[in-house]
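If you check TrEMBL, you get these features:
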type	residues	note
DOMAIN	41-290	domain 'G-protein coupled receptors family 1 profile'
TRANSMEM	25-48	transmembrane segment
TRANSMEM	60-78	transmembrane segment
TRANSMEM	98-120	transmembrane segment
TRANSMEM	140-162	transmembrane segment
TRANSMEM	205-226	transmembrane segment
TRANSMEM	238-261	transmembrane segment
TRANSMEM	273-292	transmembrane segment
Amino acid sequence: MNRSATHIVTEFILLGFPGCWKIQIFLFSLFLVIYVLTLLGNGAIIYAVRCNPLLHTPMYFLLGNFAFLEIWYVSSTIPNMLVNILSKTKAISFSGCFLQFYFFFSLGTTECLFLAVMAYDRYLAICHPLQYPAIMTVRFCGKLVSFCWLIGFLGYPIPIFYISQLPFCGPNIIDHFLCDMDPLMALSCAPAPITECIFYTQSSLVLFFTSMYILRSYILLLTAVFQVPSAAGRRKAFSTCGSHLVVVSLFYGTVMVMYVSPTYGIPTLLQKILTLVYSVTTPLFNPLIYTLRNKDMKLALRNVLFGMRIRQNS
């Protein structure tokens, strides 16, 4: 097929969420507040880890990088969503659509890898506390972080490039708030089963192996917790692990529904809500889950806020 003759789509229309103007204003305000809170929460973690010498440890180095990742992950969707809510055309350029597609999936893959690395860090700290300082060195921690970023961003350029080369001859309307795999493939004029199969296989393998590793790590971790003689220590460990598992389950559960199981029978509105859960809600709650039960982090954040107040009053 002659691509120059068929590829006439130069932009896509992201319909977003339906509703009258008042509903659109409400959604705009809601997502704006969520975005600001996400930036503030994750930004405070990065600042606290950077400025507090007591937090210059592998665990907090991972947490700071994870917060940095969450800022970029939520920024790949919400700013464009906010613009589209107030826009009359709701248009996104062809290149902008595929750029968002690439960053959204690359950052999501990086998040899966980070969750697995953080589970490994907690497993070592609780199950092998004596070997932990020798294994989780600053150098090794830096290699793990680099591995997450590199694998996340090097895994999707080729399949997404091939998807962008498919003929799109209209219509150009995407009933979603972002450029995602299924809506884009539905708009292609020519089927590409091999490219689609490679993309979904790759995504499924990342989700499967990271989720299985996280599950294994927490099972071993909880087994070690049972051996803690102190009842208060067991309760604290269970509480912390339980809150972590809730976030992980929420993220992986919604992602697997969207990209592992068939989505043809799922209503479009439900697909949008599921995408919101793992792309918008989890970056908002992750800072709370990973810091509220951590005394050192709470103290560091309190010092950050207190220091800011002193500078403002002086």
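A Cβ is built for glycine as well, from the same backbone N, Cα and C atoms used for every other residue.
Because TrEMBL annotations are produced automatically, they should be read as predictions rather than curated entries.
Long-range contacts of the transmembrane segment (98-120) within its own chain (CB-CB distance under 8 A, at least 6 residues past either end) are made by residues 62-63, 65-66, 69-70, 72-73, 76-77, 80, 92, 144-145, 147-149, 151-153, 155-157, 160, 163-164, 178-181, 184, 203, 206-207, 210-211, 213-214, 217-218, 244, 248, 251-252, 255, 278-279. Long-range Cβ contacts of the transmembrane segment (25-48) within its own chain (Cβ-Cβ under 8 Å, at least 6 residues beyond either end) map to 17, 19, 55, 63-64, 67-68, 70-71, 74, 78-79, 81-82, 85-86, 280-281, 283-284, 286-288, 290-291, 297, 300-301, 303-305.
Sequence-distant neighbours of the transmembrane segment (60-78) (same chain, 6+ residues past either end, Cβ-Cβ under 8 Å): 31, 34-35, 38-39, 41-43, 45-46, 49-50, 100, 103-104, 107-108, 110-111, 114, 117-118, 121, 138, 141-142, 144-145, 148, 177-178, 279-280, 283-284, 286-287, 290-291, 296-297. Residues 109, 112-113, 115-116, 119-120, 122-123, 126-127, 155, 234, 237-238, 241, 244-245, 248, 252, 255-256, 259-260 of the same chain sit 6 or more residues outside the transmembrane segment (205-226) yet have a Cβ under 8 Å from a Cβ within it. Mean pLDDT, taken over the domain 'G-protein coupled receptors family 1 profile' (41-290), works out to 87 on the 0 to 100 scale.
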